[in-house]
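Undergrad: Pasting a structure below so you can have a look.
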Amino acid sequence: MSLLIVNILDGLVTGLLLFMLCSGLTLIFSMMGVLNFAHASFYMLGAYFAYQISLITGFWLGLIVAPIAVGVIGALIERYGLRRVHKYGHVPELIFTFGLALLIEEVVQFFWGRSQLPYNIPEALDFAAFSIAGNSFPAYKVFMIFIAVGIFITLLYILTKTRIGMTIQAALSYPETVQNLGHNVPLVFMGVFGVGTAMAGLAGVIAGPILGTFPGMAVLLGSIVFVTIVIGGLGSLWGALVASLLIGWIQTFAATYNVRMEDILTSVGFTKPEPVWDSAWQDLWTLTLPQIGPILPYLLMVIVLVFRPQGLFGKRES
Amino acid sequence: MSTSSNSPLTAGTTRLVNLNSVLPWVIAAVALILLPQLFGSRSALTIINQMAITIVFALSYNMLLGQGGMLSFGHAVYMGLGGFFSMHVMNMVEGGLWLPLPLLPIFGGLFGMFFAFLIGSFSTRRAGTVFAMISLGVGELVAACSVIIVIFFGGEEGVSGDRTMGPEVFGWDFGSHEQVYYLTIFWLLIAALGMFLYSRTPIGRIANAVRDNEERAEFLGYSQRNVRWMSFIASGFFAGIAGALFAINYEILTEENLNLATSGTILLVTFLGGVGFFVGPIVGAIVFTLLQTVLGLYTELWGLYLGILFLATVMFFPFGLTGLIAMHIAPWKMGKIGHLVVPYAMLFFPAVLAILSGAAFMEILFHIREAGVGDSEMSLYGITFDSHAIWPMATAIVVFVVSVFIINRLSARVKAAWDEATHTGRAGS
Amino acid sequence: MKSIKKLVLSTAIAALTAGAAYAENIKIAFIDPLSGPFAATGTNGLKQFEYAADALVNDKGGILDGVKFEVVGYDNKISPKESLIQLQVAIDQGARFVVQGNSSGVANALTDAINKHNRRNPDSQVLFLNYAAVDPALTNDKCNFWHFRFDANADIKMDALTDAIAKNEAIKKIYVIGQDYSFGKAVAAAAVSMLSAKRPDIEIVGNELHPIGKVKDFTPYARKIVSSGADAVITGNWGSDMLGLGKAVIENGFEGPIYTYYAAGSGITAAFGEAGKGSIRLISEGQINPPASDEAKALYDGFLARFPDGNIDMPRIFNTVGMLAAAMEKAGTSTDAVAIATALEGMTFPGYFGGELRMRAEDHQLIQDMHIGMHTNEGVDYTYDSSDYGILVESTIKNASADIATTCKMKRP
């Protein structure tokens, strides 16, 4: 029971972290219709920038400066790269971001090398906030929850209550009309891309110390971010939130509970072949839930797409 | 606009069936047969075979992307599964099954086709993002299975076999690289011709129609979903052939053949070459293999250069390297190509200098960081110098800046010449 | 006229012999990742090989009347396919000795390909010196005459680890966790069977596999480990999976030892830093701290003078180079692969970082001392990753598993 509570909290942290990436990605998608394949690369850039800054000034300045730097780079890439490709259509746009992801990984390796970086939790937060049945819950994770929730509330407020938010929402659905009303839609696009990538950068800053800062960190997270927003429904902020939390919990629980295929098969009435190593079904018999945990989101996505192509909360198809 | 073409360069985009294009195929076949006279070493043949496999794979991928408008992130699945099944068939041959090695690719193709039939039954229902994401999901699932289902995929070690165990064909046991080379190009030609002819069949034509406008094709009475499914199955067949050729060449298949990195690479290869042209993937496969395997021999930064080349291609030549060449067909036909010779010649040197100096800048930086203390001597483009000294770096930067400046200045002139060359008005105007 | 002719002739001969002298260099093809995510380990391995070839052979005037070693790096991008292409390129460029270590998958592909190559091309036979791929199969079911392993295999390492665990009375419960592939499974199977033989009272409270390179957050695993009440953890994880697991386990309040195979160098030591102190235990061959001898000290100092940021985290690389040179001297040839391989079989050799080495003839597995070291910043002369932390040897198992059984049926040419 106590482990269950810990797991729910851990899943929440994973889910919220995922949401910080997904919210930016889904905003960019709804606005420009392009799936930004390089989104997780901006997350990686955030972690590397923050590490570099933390060497000089410590963690806290990096928390603010690194996301801004990532956002500026994102906006510049939108202005001078993506906008140029935009006129060729969506597939070249997507392929552009795909190439961008490759290039960012190479550039990061060029400057920071290929090793793991010693980017660590700030000392002020390096203690256990509380502990449940021997499992301590680090204060840093509490901090992560606060940051993520803070981001979500701010985003929701800006999008629904402010003038700029209204413009963005309008530009999502009727870009021409908004343009004709005198708003600078390309500037809005650039701003949204910048803010979206800055949020990915922020996620990198706070996730780097606990998930590791290394050149493979973008690839590790890259495709799961897409899976999340596709399951949630492209362009839906609430869908992204629900799907992020869902995937956070699925992954946590799948890793925790050692459901074994052997138990399932025997309870259905099969007998285990002995020795199992000679059986053609050896791999099925030895299968466990933690083994397949990380691929469950992909399975979920395929099922969702086959039966509900617009995703759980999506209103329109692709 | 050009309406038809005698060369396969623009096949799949033009509307007229033109079977007068036997000549390029004959030239290609003769060149391939004579190639070992020029490059006979084992490593050269290995690399050429790798190109051939990539060409078949990329062509099959372009049946989806270029001809059918379907963006797939999991195409390695069909090549990989075709390859794994071929490997098991090859091991059955070792166990006593009578099957000459040259027939193995048929089995690879059939297995690839079977899985494309199965997975296509649900993934091709929609086009666009839904298709792309399902292909990503299926790709990831199959790649994960390859590590979990050890009995079939062999886990991390993969499945290996011996190609020389089958019956000899005309006295060949396929132990030597040269014999494998001829087998590979034989299938390369068959597969390429097959895919070319497929693009000329009514089904191939309808795939183009569905790509361009689903609804209109539907009004014509074609189920867009079935058309996509057909293309998908055909593409799976040829991907499976590529898988079998891989099995024959390397005698081993591993998780690498199924994973997303391989699927992503083939997208890159195809796009680099140009999706709108039949020969696009061929050009892409050759350039990519050269960059990855041959440039990789000289520099560890090949990935960086590849990334830059790829982004530059998407940004400046969205129709790929082949598109860049094809752009010049119109001026050529109008006899105005001469307008471009002088500006291009002027652009050539600064462009080469910009590339070389840019690369030099990065190589020097890389050398300073990676080489040992006291090991500051590096050689680049046949010049040996001290990487820690100031002048090589300064030279690289100055040359780069100057050549980029010159390119910038020349670009207006090139553009004017280009407009002149492509102007379809009266001659001499 | 005559003199000119003579001059031309002598220059031509000089040019020819100069070419020949160059060709006499023994090319050692280093086929490992030099780009991509695993390049950190690969490039550091190449640095150690380059330095070892210079320090142990070339600077001493070479072997067999001045023949020198030349280590050439071939980037295999950790892909089996690329490895096989690079193998052909290396053979074409005259390399007859292949060294590789990262990934048993690649090693399996290479040993298979080299075996076939040597059978099909008796004129250019190649030896495969494996310095780090530890899949036991390579010296058991898949052994062949051309393959030699200079690292201890996974079973030998686990034998040594469980010896040390068996002596620690405080350990009553153990959690085994690893990556879901051949090596992870081999580690888990060996740990369970050896522990039950040596310490039947120890309870295995967890034994599980997670997908390799796919886990973003190891917290759920760490929770299970802490909740299981385990006193120690055994894992074969490497790379980011090692760091992720180790950090998560320590952060969630686990205080016992974590027994590992690959938790040093390539940035991992620096990234563990203070958190790993007292927790991380590492099984390895070759003793770095305290230095095994003055010779070892001199070697490491020389290495640091050339690569200040480098680590000697694979002392076996030095043994590989040294034993290859010794075998060539013994066989009296630097080209005849069969003679050199025969000379290597059964060879004994003093290890550069301590201990006596013996290349077992029946399976080509090197038998050597095994050390269990601790990740710490106290009493380490040579740290890793330019950090304050290094590996200090706690206990040593002499000639570990010298009599371990093998299923190898060696076919000699």
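Cβ atoms are placed via backbone N, Cα and C, with glycine included.
Unlike curated records, TrEMBL annotations are generated automatically.
Sharing the features that TrEMBL gives for it:
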- B:22-40: transmembrane segment (TRANSMEM)
- B:52-77: transmembrane segment (TRANSMEM)
- B:97-118: transmembrane segment (TRANSMEM)
- B:130-153: transmembrane segment (TRANSMEM)
- B:180-198: transmembrane segment (TRANSMEM)
- B:229-248: transmembrane segment (TRANSMEM)
- B:268-291: transmembrane segment (TRANSMEM)
- B:303-329: transmembrane segment (TRANSMEM)
- B:341-368: transmembrane segment (TRANSMEM)
- B:389-407: transmembrane segment (TRANSMEM)
Undergrad: Out of B:22-40, B:52-77, B:130-153, B:180-198, B:389-407, which stretch has the largest tally of CB pairs under 8 angstroms to the transmembrane segment (B:341-368)?
TA: B:389-407
Undergrad: Out of B:22-40, B:180-198, B:229-248, B:389-407, which stretch touches the transmembrane segment (B:52-77) the most, going by CB pairs under 8 Å?
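TA: Against the transmembrane segment (B:52-77), the leading stretch is B:229-248.
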Undergrad: Please indicate, using numbers and ranges, the residues of the same chain that are 6 or more beyond the transmembrane segment (B:97-118) and have a C-beta under 8 Å from a C-beta there.
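TA: Hits for the transmembrane segment (B:97-118): 77-79, 81-83, 85-86, 89-90, 163, 166-167, 169, 174, 183, 186-187, 191, 229, 232-245, 247-248.
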Undergrad: For the transmembrane segment (B:180-198), name the stretch out of B:130-153, B:229-248, B:268-291 with the most CB-CB pairs under 8 Å.
TA: B:229-248
Undergrad: Are there residues at least six beyond either end of the transmembrane segment (B:22-40) with Cβ under 8 Å to its Cβ atoms? List them, or say none.
TA: 7-8, 48, 178, 181-182, 185, 188-189, 193
Undergrad: Using a Cβ cut-off of under 8 Å, list the residues of the same chain at least 6 residues beyond the transmembrane segment (B:130-153) that approach it.
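TA: Same-chain contacts beyond the flanks: 70-77, 80-81, 84, 88, 119, 122-124, 159, 228, 255, 258-260, 263.
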